[in-house]
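Copied over from TrEMBL:
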{"type": "BINDING", "residues": "Lys10", "note": "ATP binding site"}
{"type": "BINDING", "residues": "Ser50, Asp137, Asn149", "note": "substrate binding site"}
{"type": "DOMAIN", "residues": "276-349", "note": "domain 'PUA'"}
Amino acid sequence: MLESKVLVIKIGSNVLTQSNGLPDLDRMQHLVNQIQGLISAGKKVVLVSSGAVAFGRQALPLPEKLNPVFKKQIWASTGQIRLINQYQQLFEILNQPIAQILVTKEDFRDRKHYLNMKNCIEVLLQQGILPILNENDTVTITELMFTDNDELASLTAAMINADTLMLLTNVDGIFTGNPAEPGSELVEKVVFQMPEVSNYISATKSSFGRGGMLTKYTMAKKSADLGIQVIIANGKRDGVLDQFTTKTLRCTWFEPQKVKNAPKKWLAHGAQYYKGEVTISEGAKNSLTSAVIRSLLPVGITKIAGEFSKGDILLICDELGKKIGLGRAEYSSKSALERLGLKNQKALIHYDYLYLFDHE
Ligand SMILES: Nc1ncnc2c1ncn2[C@@H]1O[C@H](COP(=O)(O)OP(=O)(O)O)[C@@H](O)[C@H]1O
Ligand SMILES: N[C@@H](CCC(=O)OP(=O)(O)O)C(=O)O
């Protein structure tokens, strides 16, 4: 494990709930004390906490036959108040101010929202305030949803340039089989190019979780590829964060790769967030993928689809439809269409804002 200065800690619903579904306030207090310990030691911490639906469900029984989407909206909107109030009470005793930030996937797609959110979190951290994030569950239904808060935590870690992402769940990490079965062993370290790990993971989820271990793995892998060390650990374990500090924690650790620059980190997560699609010629493709760093010029673009504005994410494809990478638009789709195929025009995507997928 590496030293950490800026951490995103994600706490799963099941960590904050007992097996009977009631909020586990002792566990919450224990984690709050340890988070405070990290902050006192000079670390910057952003907390991503699930639990709104679990806290709401317990406090407010609803008719069995009520539409599940409505149920989720009611439990999330009522439970979030309970969840954040509980954090407020626990942190207040320690003199630690907190802030609540509720976000949607849309906020990561739109460059302006993204920067507003990033600036807000940074200024909160500068002022010694702990940001507590959760998904704004009342407005995010079906395709607007994050897969789960592991995705939100991973996006947040990339956004704020965190060096560490810690995903706290109800098992010690990724096991070689069902963690409940004897014979399953903990995978202590995941290094680059270790595809077999995903094969161990079954679709089982904890009773109150949403995404399961597979999203945790996918998000952890993505973050590690961006240069962030990732730890999947057991939030139910006493002293979990203290053991992280003393490097004695039993967990799955993802080795970070070489650090990428901030705009590229934003783009690397953009696969689902692009607003337009550009098709490029074979020549442009060879130029972009060569060892020399190049921007994407209109002369190499053969087709533009979708409506986008300056700052939006674009998907780049070759003429066979193969996805090559992502980039940030320097101007709108209207201007881009006017310059399509023309020489001596300003680049549509500057190389600082170009992220190419790894192709074998
Ligand atoms: N190979 C595996 N190793 C560890 N956990 C696994 C594995 N396969 C499935 N799981 C399940 O994933 C669960 C954690 O995911 P999830 O329920 O989404 O947690 P959270 O609510 O913390 O996000 C574990 O409780 C475990 O049952
Ligand atoms: N936003 C939801 C959490 C959804 C979610 O991702 O849960 P989990 O898989 O337990 O991290 C809530 O607060 O209930």
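Including glycine, each Cβ sits where the backbone N, Cα and C put it.
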Cα-Cα distance linking Lys10 (ATP binding site) and Ser50 (substrate binding site), given in Å to the nearest integer: 8
Fewest-neighbour residue among binding-site residues, criterion Cβ within 10 Å, set Ser50, Asn149: Asn149
Pairwise CA distance, Asp137 (substrate binding site) versus Lys10 (ATP binding site), rounded so that it is a whole Å: 16
Listed binding-site residues adjacent to ligand 2, that is, members of Lys10, Ser50, Asp137, Asn149 whose C-beta is under 6 A away: Ser50, Asp137, Asn149
Between Asn149 (substrate binding site) and Lys10 (ATP binding site), the C-alpha gap once rounded to whole angstrom: 7
Assigned element (helix, strand, coil) containing Asn149 (substrate binding site), judged by DSSP: helix
Secondary structure content of the domain 'PUA' (276-349), with strand meaning DSSP E or B: 18 helix, 23 strand, 33 coil
Neighbour tally for the residue listed as 'ATP binding site', based on other Cβ positions within 10 Å of its Cβ: 29
